[in-house]
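Engineer: Below: one structure in C-alpha cells.
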Amino acid sequence: MEKAAGSPSVGGSYPQKNAEILSSQYGINLFLAGLLLTFAWAVHAVGISKSHLLSYLITLMLIQLLWMLWYLCRSCTQRRLIRDKDTHAGARWLKCGITLFAVITLILDSFKIGYYIDFSNCLSPTEGIFPVTHAVHTILQVYFLWCHAKDVIQSFKTLERFGVIHSVFTNLLLWTNGVLTESKHQLNEHKERLITLGFGNITIVLDDHAPQCNCTTTTLCSVFSQGIYYLYPFNIEYHILASTMLYVLWKNIGRKVEHHQQHKTPFKFHGITVGMIFGLIVLTSTIAIVVVYLIQIGRSKIKSELALTMFYLHAIFVLALMCTAGIVALLIYRLEDRSLDNSKNPARKLDAELLVGTAAGSWLLSWGSILAIICAQAHPKYTWYNLPYSVLVIIEKYIQNLFIIESIHREQEKVNDDIKTLRIVTISRGSTLSLTPSYKEIYNGRAARDDGEVPCLFKGSICRRENDGGGAKEETSQENSLVVHSASDFSFYSSSSVTNSKRRILKNIAAFLFLCNLSLWIPPAFGCRPEYDNGLEEIVFGFEPWIIVVNLAMPFSIFYRMHSAASLFEVNCKT
C-alpha cells in the first residue's frame with residue numbers, strides 16, 4: 001500500500017525534472033549561439049556583421065516579450081486565486097535598484113536612437129530597430145519583475161520553465177553584448193595610453209567599428225557617442241541583475257514553499273552614523289581619484305605614472321580598512337552563539353554562489369599581476385605598488401565573502417518569551433508609585449499603561465493595592481526608597497546591552513563595507529583600470545593573451561562589487 005501510494009508522487013516528479021533539464025539545455029544552447037555570433041563580430045569574421053548579431057538579439061527579445069505578455073494576461077485572469085510567494089526573492093530594495101539601472105538604460109537607448117538618426121546614411125536598419133525594441137523590452141521586464149519576481153509557479157510549469165530560462169539567457173546575452181562593446185572602447189583608449197607610457201615594442205592596432213560616413217550634426221554625434229560609453233556600466237548591471245532575479249524565479253517553479261511569518265527588515269540610518277561617515281569619505285575620495293586618474297593618464301609618461309601611483313596608494317588604504325572591518329565582524333560572530341538557517345532558499349544560495357564565482361575574476365587578475373611582478377626583468381617604480389594592492393584584493397574578498405555568507409545564513413534574533421520581565425519599583429514615603437516599562441514592552445515599542453492598578457511583581461517584592469470601591473488600602477512603607485529587582489533580571493539587562501552594542505558595531509561595519517564596495521565599483525566601471533595601463537603584465541604574458549584575460553575577468557570583477565554592495569545592504573537590514 002505504501003509503495004502504491006508513493007508511486008504517483010515519485011512518477012510525477014520525473015516530468016518536472018526532465019523539463020528542468022531540457023529547459024536549461026535549451027537556454028545554454030541559446031546562449032552559446034549568441035556568444036559565438038558576438039565573438040565572430042568582435043574579430044571581424046568573414047560574412048558576420050553587427051546587423052546579424054543585433055537581429056539575433058532582437059528576435060530573442062521579441063520572443064521574451066510575447067511570453068511576458070502571455071504570463072501577465074494569464075495572471076490577470078487568475079487574480080483571485082491565492083498563489084504561493086517566495087518572500088526571500090525580489091526584495092523591494094533590489095527592485096528599486098534594478099529600476100534605477102533600467103531608467104539609465106532607457107537614456108542609453110535614446111542616445112543610440114539619436115546616434116542612428118545622425119548616421120542613418122551608412123548604418124544598418126537593425127541598429128535603429130535594436131534600441132527601440134530594447135527600450136520596450138526594458139519597460140515591460142521591469143514591470144514584470146516588480147509584480148511577479150516572488151511568484152512560485154505551480155501551473156503550466158513545463159512551458160513556464162522554457163519561458164523563464166529564455167528570459168535569463170536573453171539578459172545574459174544582452175549583458176555580454178554590452179560588456180564587449182564597452183570593452184572594445186576601453187581597449188582602444190588603452191592602446192593609445194601604452195604609447196604614452198613608452199611601451200613602443202607592443203604592436204598596437206586600433207579596433208575601429210565607427211561608421212564610414214559623416215555625421216549630420218557634429219555636436220550631437222559627439223555627445224551621443226561619448227555619452228553611450230559612460231552609460232554602459234549601468235546597462236551592464238541592469239541586465240545581470242535581471243538575469244539573477246529571473247533565475248531565482250526559474251528555480252522556484254514547482255517548489256513547495258513553507259508558510260511562515262516573514263520578518264520585515266527595513267533599512268534605518270539610526271545607529272550607523274560612524275560607518276556611513278567613513279564610507280562617504282571613501283566614496284568621495286574615490287570619485288576624486290577617478291576624475292584625476294582619467295584626466296592625467298595618457299597625457300605624458302610622468303603624469304601617467306603619478307596617476308597609477310595615486311590610484312594604488314588610495315586602493316591599498318581602502319582595502320586595508322575593509323580587511324580590518326571584516327576581521328572585526330568575524331571576531332564578533334565567533335563570540336556569539338547563534339544557529340545558522342540551513343533551510344532551502346534559492347535566492348540565498350544564488351547570492352553565495354555569485355559572490356564566490358565572480359570573486360574569481362579579481363583573483364585571476366591579481367595572481368596575474370603578482371606573477372608578472374615576480375617574473376619581470378625591469379620594474380618601473382609605480383609597479384611595485386601593484387604587489388600589495390593585488391595581495392590585498394585577494395585577502396579582502398576572501399574575508400568579505402566569509403562575512404556576507406555567514407551573515408545571510410544567520411537566523412534573526414528573536415525575543416525569548418521565557419525571559420523574566422525587568423521592573424524596577426521605587427517607593428518613597430508620601431510619593432506616588434513609579435513603574436518602569438518592561439524590557440519586552442520596550443522591545444515591542446509600547447510602554448506599560450497606567451490604568452490605576454499596579455500588578456504584583458516578583459516573589460518577595462512590594463505589592464501596592466488600592467480599592468476605590470471599598471476605600472480600604474494596604475500599604476507597606478519604609479524609611480528610605482526601595483528598588484526591588486532580581487539578579488537574573490539585571491544579568492539579562494546586561495547581556496542585552498552587550499548584544500545591542502555588538503549589533504550596532506556590525507551594522508556600522510556593514511554600512512561601511514556597503515559604501516566601500518560602491519566606491520570600488522566606480523573605477524573599473526568608468527575606465528579607471530590599472531590592469532590595462534601599467535603595461536607590466538603585457539610584457540610578461542604578451543599583449544593579446546593578457547588583454548583576453550582582462551576582458552574575460554573584468555566584467556566579473558565589476559559585477560562582484562555591485563553584488564557585494566547589494567548583499568551588504570541586506571545584511572545591514574537583517575542585523
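The backbone N, Cα and C atoms fix where each Cβ goes, glycine too.
Among the features that TrEMBL reports, transmembrane segment is placed at 26-47, 53-72, 93-117, 129-146, 229-250, 271-295, 311-333, 354-379, 509-527, 539-560.
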Engineer: Establish whether the number of Cβ pairs under 8 Å between the transmembrane segment (271-295) and the transmembrane segment (509-527) reaches at least three, counting only pairs separated by 6 or more residues.
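Structural biologist: When sequence-distant Cβ pairs are counted, the transmembrane segment (509-527) touches the transmembrane segment (271-295), since at least 3 lie under 8 Å.
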Engineer: Would the transmembrane segment (229-250) and the transmembrane segment (311-333) count as touching if the test is at least 3 Cβ pairs under 8 Å, pairs 6 or more apart?
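Structural biologist: As far as Cβ distances go (cut-off 8 Å, pairs 6 or more apart), the transmembrane segment (229-250) and the transmembrane segment (311-333) do not touch.
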Engineer: Can you work out which residues elsewhere in the same chain, 6+ from the ends of the transmembrane segment (93-117), have a Cβ less than 8 Å from its Cβ atoms?
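Structural biologist: Cβ under 8 Å, 6 or more out: 123, 127-128, 130-132, 134-135, 138-139, 141-142, 145-146, 149, 216, 220-221, 224-225, 227-228, 231-232, 234-235, 237-238, 241-242, 245, 267, 566, 569-570, 573.
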Engineer: Which residues of the chain, 6 or more past the ends of the transmembrane segment (354-379), have a CB below 8 A from one of its CBs?
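Structural biologist: Beyond its ends, the transmembrane segment (354-379) has Cβ neighbours at 244, 386-387, 389-391, 393-394, 397-398, 401, 404-405, 531, 536-537, 539-541, 546, 549-550, 552-557, 559-560, 563-564, 567.
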Engineer: Any contact between the transmembrane segment (311-333) and the transmembrane segment (129-146), i.e. 3 or more CB pairs below 8 Å with pairs at least 6 residues apart?
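Structural biologist: Per Cβ check, the transmembrane segment (311-333) does not touch the transmembrane segment (129-146).
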Engineer: Six or more residues beyond either end and a Cβ under 8 Å away: which residues meet both conditions relative to the transmembrane segment (509-527)?
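Structural biologist: Apart from its flanks, the transmembrane segment (509-527) reaches 186, 189, 230, 233, 272, 274-276, 278-280, 282-283, 286-287, 289-290, 293-294, 311, 315, 318, 321-322, 325-326, 328-329, 400, 403, 407, 554, 557-558, 561-562, 564-565, 568-569, 571-572, 575.
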